[in-house]
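Here is the structure we will look at.
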Amino acid sequence: MVPKLFTPQICLLLLLGLMGVEGSLHARPPQFTKAQWFAIQHINVNPPRCTIAMRVINNYQRRCKNQNTFLRTTFANTVNVCRNRSIRCPRNRTLHNCHRSSYRVPLLHCDLINPGAQNISTCRYADRPGRRFYVVACESRDPRDSPRYPVVPVHLDTII
């Protein structure tokens, strides 16, 4: 007879713990609103090469982010996408606060090419430029955000 090592309750706690660790890897630094963090991660009109552009994000998160997309547009243009018709978010089908861009924008997608990097100063990325539609999730602004925009982008859901 084999001893029972894990009860269903322990398995659930382990799973929730792993999800918490994964969620914390993608957590927004507390000094930023969701919209501010969105802008830092995804808005860059003239991004340099990925390895350089990703340093800011990696410095805040203290790790090498696996991938990221920079939209080569302004925050104001992305706010305007929030005025488009609401759709179900392609990546999170339970959310209905997504909006699809009306036109393709230039972008730079970055893929980590050395995932075993132990130090954020050694993160290296492959550059994949493109021109695509995108979908953002939008929410009412945080009181710390500029009152100029009542609804702001908070999440880049997908690139089409």
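Using the three backbone atoms N, Cα and C, a Cβ is placed for every residue, glycine included.
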Recorded disulfide counterpart of CYS82 (Swiss-Prot; options CYS123, CYS138): CYS138
Of the candidates CYS11, CYS50, CYS64, the one sharing a disulfide with CYS123 in Swiss-Prot: CYS64
Disulphide pairing with CYS89 per Swiss-Prot - partner from CYS98, CYS110: CYS98
Local confidence of the region 'Required for nearly all of the bactericidal activities' (28-72) - pLDDT mean: 96
CYS82 (disulfide bond): nearby disulfide-bonded residues from CYS89, CYS98, CYS110, Cα cut-off 10 Å: CYS98
From CYS89, ASN92, CYS110, CYS138: recorded positions whose CA lies within 10 A of GLN67 (substrate binding site): CYS110
Residue among recorded positions ASN84, CYS89, CYS98, CYS123, HIS155 with Cα closest to the Cα of HIS42 (active site, proton acceptor): HIS155
